[in-house]
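**Q** Marked as active site, schiff-base intermediate with substrate by TrEMBL: B:S92. Marked as pyruvic acid (Ser) by TrEMBL: B:S92. Residues or ranges marked as active site, proton acceptor in TrEMBL: B:H97. For B:C112, the entry in TrEMBL reads active site, proton donor.
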Number of protein chains: 2
Amino acid sequence: MEDATTPQAEPQTLYPVIDNTKDYFIERDGVRYAGNHVLVEVWDAIHLDNPTIIEAALCQGARDAGATILHSHFHHFSPYSGVSGVVVLAESHISIHTWPEKAYAAIDIFMCGDCDPHDALPSIKKALQPKSMDVSAHKRGVIK
Amino acid sequence: MEDATTPQAEPQTLYPVIDNTKDYFIERDGVRYAGNHVLVEVWDAIHLDNPTIIEAALCQGARDAGATILHSHFHHFSPYSGVSGVVVLAESHISIHTWPEKAYAAIDIFMCGDCDPHDALPSIKKALQPKSMDVSAHKRGVIK
């Protein structure tokens, strides 16, 4: 008979465990590194106060890049109606922070493995229709 | 009498609305911009397979920088035991992706308003005890 004073607790998974074999270091042009991280400055864009449109665009961008979406979370701010959100990927993340009053958004897209963060840009461009986008690319985790 | 065929739906808030008056563009040394974004390369660190320690360190870093935590979400991967997580802030975000098998982690900290992302680094350094950290700082949303 089991001891009623020491019940078996249900195992708790506070942090979801995800099988991920794509999260490897990559080697390209003789450089071995963890992944590519692009910072995107979005200017003169529309819909920057609309979290529904922004989340759909970022998630579509993730899928277009062949990434796997694990979680997304977005906030809508007041009084300036900005939006902040992140999409957590098996291959890293996409984030956005918008300033509608300046028609500006800061996006960063980090993807490891075979995924290229640049492949996420067309869906974002289509949704937000910016007059200009400045993209800087950074290799993360370069092994020297 | 109310028309029973058109019931009043409860208002739904899919995206939490957060009051945020600190999310303004800043002006420093004659430069007007949205915020500071630092990319941190963490090498030869410990606890990179421990989401509990990592989440605590990042959240403490956010508080040390005077930021307001709105949401955090972390994953634990297998078979390599890496951790991916984000802390969404009223002032932007902190993210981390770890490769324990390489003793490497990629962190990025973006903060707008008066918060300085560098102030989040000591708690991360204390928790992960890296032998080296490379930090590159980027001004986001510079108005030309």
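Placed from the backbone N, Cα and C atoms, the Cβ positions cover glycine too.
Surface or core, plus neighbours and distances: that's what I need for these features.
**A** According to DSSP, B:S92 (active site, schiff-base intermediate with substrate) sits within a strand segment. The Cβ of B:S92 (active site, schiff-base intermediate with substrate) has 29 neighbouring Cβ atoms from other residues within 10 Å, across all protein chains displayed.
Secondary structure from DSSP puts B:H97 (active site, proton acceptor) in a beta strand.
DSSP gives B:C112 (active site, proton donor) a strand state.
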**Q** Between B:H97 (active site, proton acceptor) and B:C112 (active site, proton donor), what is the CA-CA distance rounded to a whole number of Å?
**A** 22
**Q** Among all protein chains shown, how many Cβ atoms are found within 10 Å of the Cβ of B:C112 (active site, proton donor), not counting that one?
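**A** Looking across every protein chain shown, the total is 29.
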**Q** Taking the Cβ of B:H97 (active site, proton acceptor) as the centre, how many other Cβ atoms fall within a 10 Å radius?
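**A** Around the Cβ of B:H97 (active site, proton acceptor), 30 other Cβ atoms lie within 10 Å.
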